[in-house]
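Student: Questions regarding the structure given below will be posed in turn.
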Amino acid sequence: MPAAGGIGPGNGKEYPGNLTPFVTITCIVAAMGGLIFGYDIGISGGVTTMTPFLQKFFREVWEKKETNKSTNQYCQYDSQTLTMFTSSLYLAALLASLVASTVTRKLGRRLSMLFGGLLFFAGALINGFAKAVWMLIVGRLLLGFGIGFANQSVPLYLSEMAPYKYRGALNIGFQLSITVGILIANVLNYFFAKIKGGWGWRLSLGGAMVPALIITVGSLVLPDTPNSMIERGRTEEARAKLKKIRGVDDVDEEFRDLVSASDASKLVEHPWRNLLQRKYRPHLTMAILIPFFQQLTGINVIMFYAPVLFNTIGFGDDASLMSAVITGVVNVTATLVSIYGVDKWGRRFLFLEGGVQMLICQAVVAACIGAKFGTNGNPGDLPKWYAIVVVLFICVYVAGFAWSWGPLGWLVPSEIFPLEIRSAAQSINVSVNMMFTFLVAQVFLTMLCHLKFGLFMFFAFFVVIMSIFVYYFLPETKGIPIEEMNQVWKSHWYWSRFMEDFDYPINGNLEMSKGGQGPKLV
């Protein structure tokens, strides 16, 4: 039996509708867009610990690692060329997400996904056959362009397709597929590293063609969202599609709200400039700070470089890849917890609980590594129990992230933007995310070399700041229809000062002039 929809709190609106098999399958296929991002995060960290790969492309790193075993463990991977290989992708994704905003708005969410899949496929092909570092970098840039398009369009697509009562769980499918991608990449790295002849890294990098094909084919068979159809003038088609998606004939109220939101968005000629208006201050703040904080949890440090990190704290190459597989399993499992709980316990609860959990684990890991490695980075022989304790706390940390900042960092921004600024604001969200992913990836190995175990305390400090921010400034968005989200800001203790009744009337989305003379152009 399909589950019935319910009433969104605070605004008295009830949109009839079911969680239909059609919507469920559609959202699962669309969420596969996260696979390309996850696969890449997992594969790049593992490949950079494979000796044949380092010998071929980053010989100075290999020599530092192999010829002087007594070298400072914190600094053995410190190479700007190596970090450029990893982080060039995120710079490309940042640029692509800005272009993707226009494509997503004018041509629809599906086409944006299609472009993402094709670009990612081309990048994977070049990387798999790479003969020189420049080919690796070109491949990474194409992968980045693909990720920029996919990360811009997929969360929007999921938020618009899902019935509001189940929006959280369906949208987190995107984060789930990112974690599955990371896990698959870690498992493949473990086995490909064992291939005799030293060409396993080519399979690891070239294997990215598989998730690229999944999202490419998926985008060709997916329907467009009603929001996107209305935005592009296909109104009657959108009504029929909404009936099919919701599984009921009575979609008039939701349809009217979607058309009303679209009409308001058409009055906005410059969505980018519009974002700077006072009434969008809460949205712009969240679009910038949520992805900023998400990257400064320190999670990408763990995921990018889990094999490097475990190798550094005394595991062998094989064991470090296996430890990365373990954290990958934890990541997937904890994301499933988030899917179960996000529409039951709410966004704020998960954000705050995850923050406390990450903070405790970062303090423990910093203490463990500091006690053994000190500041000279030479631990001598590490007892097995010690390494197990570090991995255990890293796993608890990963779990905390995977049911809080991981999925919610994509879900919350994609559900809070009004239609008139949705594509532009989502582009800012992705761009900020990629910019700080790039910066963290670019400076992490250098920071590890200089800050040593204090690096974990650096990220712990930001976890404290972001938890305080969520507690005071992020309203609960559980169970609110996406086109009615402005009511959340109007009732918030701080953000309400930026919202006025004539901007957002209670029963409609059109901005009205003060005298009630009809819509006001902005």
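Every residue, even glycine, has its Cβ placed from backbone N, Cα and C.
Not my notes, these are from TrEMBL:
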{"type": "TRANSMEM", "residues": "19-39", "note": "transmembrane segment"}
{"type": "DOMAIN", "residues": "26-478", "note": "domain 'Major facilitator superfamily (MFS) profile'"}
{"type": "TRANSMEM", "residues": "87-104", "note": "transmembrane segment"}
{"type": "TRANSMEM", "residues": "111-130", "note": "transmembrane segment"}
{"type": "TRANSMEM", "residues": "136-158", "note": "transmembrane segment"}
{"type": "TRANSMEM", "residues": "170-193", "note": "transmembrane segment"}
{"type": "TRANSMEM", "residues": "199-222", "note": "transmembrane segment"}
{"type": "TRANSMEM", "residues": "284-308", "note": "transmembrane segment"}
{"type": "TRANSMEM", "residues": "320-342", "note": "transmembrane segment"}
{"type": "TRANSMEM", "residues": "349-373", "note": "transmembrane segment"}
{"type": "TRANSMEM", "residues": "385-406", "note": "transmembrane segment"}
{"type": "TRANSMEM", "residues": "427-447", "note": "transmembrane segment"}
{"type": "TRANSMEM", "residues": "453-474", "note": "transmembrane segment"}
Student: Restricting to the same chain and to residues at least six past its boundaries, which positions have a Cβ under 8 Å from a Cβ of the transmembrane segment (199-222)?
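Tutor: Sequence-remote neighbours of the transmembrane segment (199-222) are 26, 29-30, 32-33, 35-36, 39-40, 43, 46-47, 50, 52-53, 110-111, 113-114, 116-118, 120-121, 123-125, 127-130, 139, 143, 146, 150, 157, 181, 185, 188-189, 191-193.
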Student: Given a Cβ distance threshold of under 8 angstroms, which distant residues of the chain, six or more beyond its ends, lie next to the transmembrane segment (320-342)?
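Tutor: Residues 42, 45-46, 49, 168-169, 172-173, 175-176, 179-180, 182-183, 185-187, 189-190, 193, 302-303, 306-311, 350, 391, 394-395, 398-404, 406-408, 411, 478.
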Student: Mind checking which residues of the chain, 6+ beyond the ends of the transmembrane segment (87-104), have their Cβ under 8 Å from one of its Cβ atoms?
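Tutor: For the transmembrane segment (87-104), the list is 40, 44, 111-112, 115-116, 119, 137, 140-149, 151-153, 156, 423-424, 426-427, 430-431, 434-435, 437-438, 441-442.
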Student: For the domain 'Major facilitator superfamily (MFS) profile' (26-478), what's the mean pLDDT in this predicted model?
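Tutor: Mean model confidence (pLDDT) across the domain 'Major facilitator superfamily (MFS) profile' (26-478) is 84.
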Student: Given a Cβ distance threshold of under 8 angstroms, which distant residues of the chain, six or more beyond its ends, lie next to the transmembrane segment (136-158)?
Tutor: 27, 30-31, 33-34, 36-37, 40, 57, 84-86, 88-97, 99-101, 103-104, 109-110, 112-113, 115-127, 130, 167, 170-171, 173-174, 205, 208, 212, 215, 222, 225, 410-411, 413-414, 422-423, 426-427, 430, 433-434
Student: Can you name the far-off residues of the same chain, 6+ from the ends of the transmembrane segment (19-39), with a Cβ under 8 Å from a Cβ of it?
Tutor: 2-3, 5, 113, 116-117, 120, 143, 146-147, 150-151, 153-154, 157-158, 161-163, 165-166, 170, 173-185, 207-208, 211-212, 214-215, 218, 221-223, 244-247
Student: Take the transmembrane segment (111-130) and find every residue of the same chain, 6 or more past its ends, with a Cβ under 8 Å from one of its Cβ atoms.
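Tutor: Contacts of the transmembrane segment (111-130) (Cβ under 8 Å, skipping residues fewer than 6 from its ends): 30, 33, 36, 57, 96, 100, 103-104, 136, 138-154, 157, 202-203, 205-209, 211-220, 222.
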